[in-house]
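Below: one structure, written as structure tokens.
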Amino acid sequence: MDTSFWKAGHKPTLFAAFLYFDLSFMVWYLLGPLAVQIATDLHLTTQQRGLMVATPILAGAVLRFFMGLLADQLSPKTAGIIGQVIVIGALLAAWQLGIHTYGQVLLLGLFLGMAGAGNSGTVLAALIAPVLAASFGWGNVFGLALIPLVLTLIAFTLMARNAPERSKPKSMADYLKALGDRDSWWFMFFYSVTFGGFIGLASALPGYFNDQYGLSPITAGYYTAACVFGGSLMRPLGGALADRFGGIRTLTVMYAVAAIGIAAVGFNLPSSWAALALFVAAMLGLGAGNGAVFQLVPQRFRKEIGVMTGLIGMAGGIGGFLLAAGLGTIKQNTGDYQLGLWLFAGLAVLAWFGLLNVKRRWRTTWGSAAVTAARV
């Protein structure tokens, strides 16, 4: 086994960054598992509930772009500390002052968006948040979330270090230049389906399982956690599969898996277990697709990897916002999730055809054997 990876870099920084990454994502996603309880107490419509869980996703998509600029101007560590302090302040205010209106919960969602980064923290939130809400009230969950966040901030402040050699700060012109490349739009679209599908479904599923099958918030959280765990687990495995079989081939298969799973769920299956199995399969595909996309990105954008990571990540968040908010809106206006699920399955099919469209050009230009040894 090659152990050189573990010998490289600064291990305390790696640990602190991992902790920051996962706990931040847990907080970013917190409104999703609490959606049913919050919506019941605040008398929200399905559409309002959908927008509530979607707001942190959109805020995270936009704010990660500006946090990247802030990290360039100050330092990654300083930017991380500032972001964490703001999120802690928002949670503290929500806990102490309380949330009594729909507008207040949307405002909290905007602040929680600053925490958006990571994957597996969603599993913790889906498992634990509804249980804590049932025991202590959902308002106190924000206070309880402060405990791991403050500990993480302390660990990050004491353990993390900035890289000894900082890269040149990116300007707005760098981002605009990257957007002039048509491949950047393809990658943004592909990731808006994979990651957007992952986080959008993760946010909407607690409400879906409650509406569709009458599951309690706690049971709906367990179902959602199973789906999210599968998607999170498959992200690194998706990258490994892409290395072995090629990013395009892996992504093509994963889009097909996701499209079939989501389309089948759209038939309003009578069994919640059948729906769970299909959602898990779809999330496995989307999670692996996330890894496959980012196996391809550094091969296509070797010199612009920092800029493209920011743009593609932002597109993924926007896709998640549209999915979560769209499912709530469609449910509110049609009385059913069917159309929303089928529209998303159609997007996955469109992405599948998009890959077929660019495959030959990519494999004969930047992805050819003469240019890279990686499998494309």
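Residue numbering: from 1, along the chain as shown.
Just so you know, glycine gets a Cβ as well, placed from its N, Cα and C.
Annotated in TrEMBL:
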TRANSMEM  12-31  transmembrane segment
TRANSMEM  51-71  transmembrane segment
TRANSMEM  77-98  transmembrane segment
TRANSMEM  105-129  transmembrane segment
TRANSMEM  141-164  transmembrane segment
DOMAIN    184-376  domain 'Major facilitator superfamily (MFS) profile'
TRANSMEM  185-209  transmembrane segment
TRANSMEM  215-234  transmembrane segment
TRANSMEM  246-267  transmembrane segment
TRANSMEM  273-293  transmembrane segment
TRANSMEM  305-327  transmembrane segment
TRANSMEM  339-358  transmembrane segment
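Counted over residue pairs separated by six or more positions, the transmembrane segment (339-358) shares at least 3 Cβ pairs under 8 angstroms with the transmembrane segment (246-267), which defines the two as touching. The list of residues near the transmembrane segment (246-267) in space but at least 6 beyond its ends in sequence, with Cβ under 8 angstroms from a Cβ of it, reads 190, 193-194, 197, 238, 275, 278-279, 281-282, 284-286, 288-289, 292-293, 295-296, 299, 337-338, 341-342, 344-346, 348-349, 351-352, 355-356, 359, 362-363, 367, 374-376. Mean pLDDT for the domain 'Major facilitator superfamily (MFS) profile' (184-376) in this predicted model: 92. Sequence-distant contacts of the transmembrane segment (273-293) (same chain, at least 6 residues past either end, Cβ-Cβ under 8 Å): 119, 187, 190-191, 193-195, 197-198, 201-202, 205, 209, 212-213, 223, 226-228, 230-242, 247, 250-251, 253-258, 260-262, 264-265, 312, 316. Between the transmembrane segment (12-31) and the transmembrane segment (141-164), the number of CB pairs under 8 angstroms, six or more residues apart, is three or more, so the stretches are in contact.
Tertiary neighbourhood of the transmembrane segment (141-164): same-chain residues 10, 12-13, 15-17, 19-20, 23-24, 26-27, 30, 34, 75-77, 80-81, 84-85, 87-88, 91-92, 94-96, 108, 129, 132-133, selected by CB-CB distance under 8 Å and a gap of 6+ residues from either end.
Within the chain carrying the transmembrane segment (77-98), a Cβ under 8 angstroms from the stretch's Cβ atoms is held by residues 20, 24, 27, 67, 70-71, 104, 108, 111-112, 114-115, 139-140, 142-143, 145-146, 149-150, 152-153, 156-157, 160-162, all 6 or more beyond its ends.
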